[in-house]
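Copied over from TrEMBL:
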- A:136-199: domain 'CBS' (DOMAIN)
- A:200-258: domain 'CBS' (DOMAIN)
- A:284-304: transmembrane segment (TRANSMEM)
- A:360-380: transmembrane segment (TRANSMEM)
- A:387-410: transmembrane segment (TRANSMEM)
- A:422-445: transmembrane segment (TRANSMEM)
Number of protein chains: 2
Amino acid sequence: MAEEDNGVELNRLIEENDLTGIRLWLADHPPYRIADELARMDARTAIVPFRLLDKDRELEVFEELDPVHQQEILVGLRDSAFHELLEEMDPDDRARLIGEAPAKIATRALAGLSPAERKMTAALLGYPEESVGRYMTPETVILHRDLSVGRALEVVRAKSAEAETVYTLPVVADGRRFAGTVELSDLVRADDDTPLKDLVDVLVPRVRATEPAEDAARLMQEANLVALSVVDSEERFVGLLTFDDALELIEAADSEDIARQSGASPVAGHYVAASVFRLARARATWLLLLIVAATLTVNVMQAYEATLEQVTALALFVPMLTGTGGNVGSQSATAIVRALAVGEVRVRDLPGVAWKESRVGFLLGAMLACVALAIGSALVGVTIAAVVATSVICICIWAATIGSCMPLLARKAGVDPAVVSAPLVSTLVDATGLLIYFSIARMILHI
Amino acid sequence: MAEEDNGVELNRLIEENDLTGIRLWLADHPPYRIADELARMDARTAIVPFRLLDKDRELEVFEELDPVHQQEILVGLRDSAFHELLEEMDPDDRARLIGEAPAKIATRALAGLSPAERKMTAALLGYPEESVGRYMTPETVILHRDLSVGRALEVVRAKSAEAETVYTLPVVADGRRFAGTVELSDLVRADDDTPLKDLVDVLVPRVRATEPAEDAARLMQEANLVALSVVDSEERFVGLLTFDDALELIEAADSEDIARQSGASPVAGHYVAASVFRLARARATWLLLLIVAATLTVNVMQAYEATLEQVTALALFVPMLTGTGGNVGSQSATAIVRALAVGEVRVRDLPGVAWKESRVGFLLGAMLACVALAIGSALVGVTIAAVVATSVICICIWAATIGSCMPLLARKAGVDPAVVSAPLVSTLVDATGLLIYFSIARMILHI
C-alpha cells in the first residue's frame with residue numbers, strides 16, 4: 001500500500017507549494033508512476049510538477065500519458081517547451097496526439113516541427129484512424145538481406161540511436177521489399193561472417209498498414225512477437241508495431257468491449273478525471289434506445305392484462321423470469337463476443353454455436369426450473385409453479401440461443417459484435433420471454 | 001478471409017489422410033497458426049498433424065498451445081517423444097503445464113526430466129498458483145554490476161543460448177542482490193569500455209515472486225517493459241517475467257473479468273473445444289444464486305399484491321423499470337470494475353466515486369423519466385405515467401450509486417471486484433427498485 005501513499009504525498013506537496021519536496025518526489029519515482037499521478041490531477045495542478053521535471057525525464061513522463069492528458073499539459077506550456085517536447089516525441093505517439101487534438105493545437109504543433117519530423121508525422125496521419133499505420137513507428141533500423149551478421153551489427157550500432165526498437169529487425173530485399181525479420185539476440189549470438197539470410201525468419205507474420213490496429217495487436221499476442229512488421233500494398237516495409245503499443249491497444253480494445261458489453265460507449269482518459277456529464281453522455285444513447293425498446297414489454301403485458309387480472313399471482317414472477325432470461329442471454333452473448341474478439345470463434349461457426357448454446361440453455365433451464373418449482377410451490381401453489389418452471393426452461397433455451405447468435409450475426413453484418421451488449425440481449429429477451437410465459441400460462445391454466 | 005480457408009483445407013487433408021498434403025500445409029504456416037488450428041480440433045484429430053511436424057517445429061507449436069491442449073497432445077504421444085518435448089520446453093511453460101495436469105501425467109512428466117530441469121521446475125512449482133513465480137523464466141543472463149560493457153556483451157554472447165530473453169538484462173550486486181536492469185540495445189550502442197554501472201536503470205520496477213501475476217503484467221504494460229525483474233524476499237534476483245507471458249496474462253485476466261461480469265466462471269481452453277456440460281457448469285453457480293436472490297422480487301410483489309389488484313396498470317411497467325434499473329446499475333458496476341482492474345480507481349476513492357455516480361444516475365434518470373412520461377401517458381394516462389417517471393429517477397440514482405460502490409466494497413473486503421457482476425447488480429436493483437416503485441405509487445395514488 002506504499003504506492004497509494006505516494007499519490008497522497010505528492011498532492012500534499014503541491015498544495016503546500018513545496019517545490020523542493022516535489023523535486024525530490026519526482027526524482028524518486030519512475031516515469032510511469034509520475035504519469036499515473038499526473039493523470040489523476042486536473043490540468044492546472046498537473047502542470048506544476050510537470051514543469052519541475054528534468055528536461056530528459058519530461059519527455060519520458062509525457063509519452064506515458066494518454067493523448068487526452070498530453071493535450072491538457074501542452075496547453076499549459078510556453079511555446080519553446082511545447083515545440084521541444086513535440087519535436088522529440090516518437091513519431092507514432094505524436095501522430096496520435098495530433099490526430100486527436102483540436103484543430104488549433106494540431107496546427108500549432110505541426111507548424112513548430114522540423115521538416116523531417118513533420119514529413120514523418122504527415123505520412124502517419126495519412127493512414128486511416130485506428131489502423132496499424134497510426135500506431136507503427138517508421139523509425140527502425142532496416143537491414144538488407146545480403147549483409148553478413150558482422151556488417152548487420154555495425155549498421156545496428158550506427159543507427160540504433162534513431163530507432164524506437166532494435167530487438168526485431170526488418171530485413172528487406174531490393175526495393176525495400178519485405179523479406180522477413182531477424183532477432184537482435186540471434187545476431188549477437190551468431191558468428192560475424194554468417195550470412196544474414198541464414199537467420200531470417202521468412203514465415204514471420206506481417207500486416208498491411210491499413211489494417212485495423214487491434215487485429216494486429218492480437219496477432220502479436222498470438223504469435224508472441226516483440227514487434228510486428230508493417231508493409232504497404234506492394235509488400236514494401238514501412239514500419240514496426242512495437243509490443244508496448246500492442247499492450248496498450250489490447251488494453252484499450254478490452255476496455256472498449258467491456259464498456260460496450262454494459263451498453264456504454266468507452267470514455268477516453270482516466271475515470272477519476274472524467275466529468276459527470278461525460279460519463280452520463282457515454283451511457284445515455286443505449287439507455288434511451290433500450291427504454292424505448294422496453295416499451296415492447298409494456299405492450300406484451302398490456303396484451304395479457306385480462307389474464308393478469310384473472311390470475312394476479314402470475315404478475316409476481318415477472319421480475320424473476322425476465323431477470324433469469326436476461327442473465328442467461330447475457331452470459332451467452334458475453335461468451336461469444338469474447339470468443340470472437342480473441343479469434344476462437346468465426347462467423348462460419350454460427351450453426352454449431354447456436355446448437356451448442358441451445359443445449360447449454362436447456363441444461364441451465366432444467367436446473368433453474370427445479371428451483372423455481374420449489375419457490376413457486378411454497379409461495380403460490382403447484383399449478384402456478386408448474387407454469388413458472390416450464391417457462392424457465394423455454395426462456396433459458398431461447399435466451400441462450402438468441403444471445404449467442406446475435407454477436408455472430410452482427411459480425412456477419414460488419415458491425416462490432418460488442419454492440420450486442422448484455423442490456424440489449426436482456427431487453428429483447430424480456431419482451432419475448434413474457435410472450436413465452438403468458439402463452440404457457442394460458443395453455444396450462446386453460447384461460 | 002484467406003485465413004479462414006486454411007483451416008478448412010487442413011481439416012479436409014486430415015479427413016482424406018493426405019499425409020504429403022498435411023506436411024506441405026504445415027511447412028507453409030507459422031507455428032502460432034498451426035497451434036490455432038490444432039486447438040480447434042478434438043485431441044484424436046489434432047495428434048495426426050502434430051506427429052507430422054519436424055522435431056524443432058514440434059516444440060514451437062507445442063509451446064503456443066494452452067496447457068489444456070498440451071495435455072491432450074501429450075497423452076497421445078509415445079514415451080520418448082513425450083519426454084523429449086517436456087525436456088526442451090521453457091521451464092515456466094513446463095511448470096504451468098505440470099501444475100495444471102492430472103497427477104498421473106504430472107508424475108510421468110517429472111519422472112522423465114533430467115535432474116537440472118526437474119530442479120528448476122520444482123522450484124517454480126513451489127510458488128503459489130497465479131503468482132509471478134509460476135510465470136517467470138529463471139533462464140536469464142545475469143550481469144554483475146562491476147563489469148564493463150564489452151565484458152557484459154561477451155557474457156551475453158556466451159550464455160544467450162540458454163536464456164529465454166536477452167533484451168532486458170538483470171544487473172546484480174554481490175550476493176545476487178538486484179541492482180537494476182540494462183537494455184541490450186544500450187549495450188550494443190555503448191563503447192566497450194564504458195562501465196556497465198553507467199547504463200543501469202536503478203528505478204526500474206521489480207516485483208516479488210509471490211505477488212499476483214496479473215498485477216505484474218499490468219505493471220509491465222504501464223511501465224512499457226519488455227521484461228520485468230522478479231526478486232525474492234531478500235531482494236535477490238530470481239527470474240524475469242517476459243512480455244509474451246504478460247500479454248497472455250492480460251488477455252486471460254480480461255477474459256476472466258469479462259466472464260465474471262456476466263456472472264459466469266471463466267472456461268479454460270478454446271470455446272469451440274469446450275463441452276456443453278463444461279459451459280453450463282461455468283454458468284450454473286451464479287444463476288442458481290441469482291434465481292434464489294430473485295425470490296426477493298417475488299416477495300416484494302406479493303407484499304404489494306393488494307396495490308396491484310387495485311391498479312393493474314402498475315404491473316405493466318414492472319419489466320421496464322427493473323430492466324432500466326438493471327442497465328444503469330450494470331453500467332456503473334462495469335465501469336468501476338474496469339477502472340479498478342487497470343488501476344485508475346482505488347478503494348480510498350469510494351466517497352468520490354459514489355457522489356459522482358449518483359449525479360450520473362440523476363442525469364440519466366432525468367432523461368429517461370421524460371421518455372417514460374411520454375410512453376406512459378400515451379398508454380395508460382398521466383397519473384400512472386407520473387408514478388413511473390418519478391420512480392425512474394429514483395431508481396437510476398439508487399442503481400448507479402449501489403452499482404459503483406459494490407465493486408469497491410468487494411475490493412476492500414479482499415474479494416475480486418469482478419464478482420460484482422452485471423446480473424448480481426441487476427438482481428439486487430430489481431428488488432429494491434420495486435420497493436421504490438410501489439412506495440412512490442402509494443404516495444402519489446393515495447392508496
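Cβ from N, Cα, C; glycine included.
Curation plays no part in TrEMBL annotations; they are all automatic predictions.
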Original post:
Cβ under 8 Å to the transmembrane segment (A:422-445), counting only same-chain residues 6 or more beyond its ends: which ones?
Top reply: 261-263, 286, 290, 293-294, 296-297, 299-301, 303-304, 307, 311, 314, 317-318, 321-322, 325-330, 332-334, 383, 386-388, 390-391, 394-395, 398-399, 402-403, 406
Original post:
Same chain, outside the transmembrane segment (A:360-380) by at least 6, Cβ under 8 Å from its Cβ: which residues?
Top reply: 313, 316-317, 320, 324, 328, 332, 386, 388-390, 392-401
**OP:** Quickly jot the same-chain residues contacting the transmembrane segment (A:387-410) by Cβ under 8 Å, restricted to those at least six beyond its ends, or write none.
**Re:** 314, 317, 320-321, 324-326, 328-333, 335-337, 340, 345, 347, 349-350, 353-354, 356-358, 360-362, 364-366, 368-370, 372-373, 376, 416-420, 424-425, 428-429, 432-433, 436-437, 440-441, 444-445
Original post:
Roughly where does the domain 'CBS' (A:136-199) sit in mean pLDDT, to the nearest integer?
Top reply: 92
